[in-house]
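Structure first, commentary second.
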Amino acid sequence: MSQSRHRAEAPPLEREDSGTFSLGKMITAKPGKTPIQVLHEYGMKTKNIPVYECERSDVQIHVPTFTFRVTVGDITCTGEGTSKKLAKHRAAEAAINILKANASICFAVPDPLMPDPSKQPKNQLNPIGSLQELAIHHGWRLPEYTLSQEGGPAHKREYTTICRLESFMETGKGASKKQAKRNAAEKFLAKFSNISPENHISLTNVVGHSLGCTWHSLRNSPGEKINLLKRSLLSIPNTDYIQLLSEIAKEQGFNITYLDIDELSANGQYQCLAELSTSPITVCHGSGISCGNAQSDAAHNALQYLKIIAERK
C-alpha cells in the first residue's frame, strides 16, 4: 500500500551534469542491500533523508499488524507488516518502486561546494538525519516519530511529536510537523552528547544497555547455551528446537513470539513466524503438517540463523 504526493515533472533519474542522481544505477551497483538501506543511501546522496512514522499498531489481535509511513522528499508511501521492521521494509520498497518507475520524479543533488545559505545555516546539521545516521552506525533500530497532538488556532498551530529510539523517548513541539520532529531529534542528540567522558560511559553502552540482545553481545557472550549452539549440529533427530531456543532466549535476554499464519502454504502445510526481540528484530518462517510442527520448524530456522550470527567474527 503506497501513495505519492509528487506531481512535478523532471528529467529521468540519472546522475548527469545537471546534478541529478540515478537510483536505478545505485541499486545495480549495490546488490544485496535491503530496501531501507538503499532508500537511506539514496536520501543521503540527495539530501532527502527518509523519515519513518508509525501510523497504526494493532497488537491486541491474533496476528499483530503495523503500518509505517516513509517520507523522502515529496514521496510518501506506506507499508504494512506483522512486525515494525517488516512494515518499514515494505514502505521503503514501495518508495523505491515509485522512484524507479516514475521518470518524472527527480531530486537534485546540491553541490557540496555551493551550499544554499537560505535553506540551512552554515555548519547546522539536520538533526533528524543525524539521529538516523547515529542509529544505523551503532546497529540500533531506526527512530520512530509519532504525531501525538495538534492544537492551537489556525494562524498559530502547534504540533507535538514523540520520537522513540529503543527504550528512550523524547517529545518535540513546533509550528509545523517537521519542526516538531526536528526538535525531538535535537533533544535526543543533546542527551547523548551530554554523556561526559569523566563518567566512563560510552554512548553505545548507554543505549546498548536498553537493546537486550544485539549481534555484538551474541558473538561475545560467555553464555553456556549460546556457546553450546555454536558447537552443536542442528540436524539431530528428535531435538526439541522450541525448548532449545527458549533456553537461549532466557540466557541472552530476548523474547520469542510465535505467530501462526492462517493461510496454508502452496503445498498445503501450516505456516508460522517466530519473532525474536533481538536488536535488530529477527523473524524466521516455518512450515509443517501441523501448527506445532510449523512452530518447531520456525524455531529450528531461528536457531540456524543465531548460530550463523554467533559464529561470525
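Any Cβ shown, glycine's included, is placed from N, Cα and C.
Residues or ranges marked as compositional bias 'Basic and acidic residues' by Swiss-Prot: 1-18.
Among the features that Swiss-Prot reports, domain 'DRBM 1' is placed at 34-101.
Residues or ranges marked as domain 'DRBM 2' in Swiss-Prot: 126-194. For the domain 'DRBM 2' (126-194), the model gives a mean pLDDT of 83.
For 240-308, the entry in Swiss-Prot reads domain 'DRBM 3'.
For SER18 (among others), the entry in Swiss-Prot reads phosphoserine, with the evidence type a large-scale study or a structure entry.
Residues or ranges marked as phosphoserine in Swiss-Prot (evidence: a large-scale study or a structure entry): SER167 (among others).
Residues annotated as phosphoserine in Swiss-Prot, with experimental evidence given as evidence: SER246 (among others). In the three-state DSSP scheme, SER246 (phosphoserine) is classed as helix. The Cβ of SER246 (phosphoserine) has 14 other Cβ atoms within 10 Å, all protein chains considered.
Look at Swiss-Prot and you will find SER287 (among others) tagged as phosphoserine, backed by experimental evidence. Cβ-based neighbour count (10 Å, all protein chains) for SER287 (phosphoserine) stands at 19.
Swiss-Prot lists 1-103 (among others) with the feature region 'Sufficient for self-association and interaction with TARBP2'.
As annotated by Swiss-Prot, region 'Disordered' applies to 1-21.
What Swiss-Prot records for 102-195 (among others) is region 'Sufficient for self-association and interaction with TARBP2'.
According to Swiss-Prot, the feature region 'Sufficient for self-association and interaction with TARBP2' maps to 195-313 (among others).
Rounded to a whole value, the Cα-Cα separation of SER287 (phosphoserine) and SER246 (phosphoserine) is 19 Å.
Sorting the domain 'DRBM 2' (126-194) by DSSP state (H, G, I as helix; E, B as strand; all else coil) yields 29 helix, 23 strand, 17 coil. Residue counts for the region 'Sufficient for self-association and interaction with TARBP2' (195-313) under DSSP, split into helix (H, G, I), strand (E, B) and coil, are 55 helix, 22 strand, 42 coil.
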